[in-house]
């Protein structure tokens, strides 16, 4: 395989359509605006080209029932308690269920995962022993979570099998599962390195793939080694397939790289990129000395009302030490970081998700995509160095438009500079946390 980097990417047409959505304007505009006109233009183009992807449901569908999904999917959606699609689901699902390629940037917690899970399940006609759907993501925990979403929405589709593959586990077990027609999956969720290894060793046949999804695509494609892995996997799939890419952040530099994998994609950008802050999330900072962090953290955990909290630190050592300190101070906590064994990480993630513990101390391994609905408080014990990573971190609280609270400790000149960059990048004012505290109703759901 060539190592020429970007030049080695497959050249696909990037004659894309684009939908820019500003949430406030979309709310005012109701059922008019750029989304409708762009969709009409796409319908005309497809008609002229003899597109076989089917007719579209109106892009401003207001309920999941308007998407005309399979009865099995509709039942599962009702069981999950979902009634109305989020903004990103409303604008994407009507076309994605018919096989249109998608490039989607939307803030954390707006239901991007459900877009590709529902779209691929809607199109899936399972054939024993054939992989029809491939989903690639950058983190093992995220792969595990996506697999769980597939299980949740396919509960009334008993013939559909889903498997998750990631590094750190014996590849022989994956090979055994794939070889057996009784266990061979129709849907594969995987990290790039492990899936590439399965392809190279011919343990997996991707010649029947109809849907190719990359979640957190900016993170997957910005690292050259990971991008090369994806290219090798991509080449093992048919040329005629649907490709969908999703992320909360998509820089101008990464977009052309994404587009090379796509054919005439629908581009959805929910809210202007500079305003990717989370609706319903209260954001504050606390200025303090490094030595004051532990005392202030204990005070916050005592004073604030929360269901679950995630506390971000900058290193594995600090994660372990802070967790020990919290447990010794009668704050039962669990820690998750990248240096523990894979089985242990998954077990701890599951324990936290199942509400066995209310406090989790983590490095950035939990900073992207991980969706635990009870988290309504995120604390940056150590502030991140990157503005985009701040968004992913605080996005763990206030998922899918719910309320939440994010507090960042600022203890150095570097932290102050990062805070200024965050406010400039996302066009948001982050206030100093009031000494008297804040009203719980501003960050707690009724």
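Placement of Cβ uses the backbone N, Cα and C atoms for every residue, glycine included.
Positions annotated as N-acetylserine by Swiss-Prot, on the basis of similarity to another entry: 2.
The annotation phosphoserine is assigned in Swiss-Prot to 13 (among others).
Annotation comment: Swiss-Prot describes 23-49 as compositional bias 'Low complexity'.
Positions annotated as region 'Disordered' by Swiss-Prot: 23-52.
Taken from Swiss-Prot, the feature phosphoserine covers 37 (among others), and the record attributes it to similarity to another entry.
Residues or ranges marked as motif 'Q motif' in Swiss-Prot: 62-90. The average pLDDT for the motif 'Q motif' (62-90) in the predicted structure is 84.
Residues or ranges marked as ATP binding site in Swiss-Prot: 106, 107, 108, 109, 110, 111, 112, 113. Just so you know, the Cβ of residue 112 (ATP binding site) picks up 28 other Cβ atoms within 10 Å once every protein chain is counted. According to its DSSP assignment, residue 112 (ATP binding site) is helical.
For residue 169 (phosphothreonine), applying a Cβ distance below 8 Å and a minimum sequence separation of six or more within one chain yields 342, 343. Annotation comment: Swiss-Prot describes 169 as phosphothreonine, evidence class similarity to another entry.
The annotation domain 'Helicase C-terminal' is assigned in Swiss-Prot to 280-441 on the grounds of sequence analysis.
The binding-site residues examined here are 108, 113; by Cβ neighbour count within 10 Å, the least packed of them is 113. When DSSP labels each residue, the motif 'Q motif' (62-90) comes out as 17 helix, 0 strand, 12 coil, counted as helix, strand and coil in that order.
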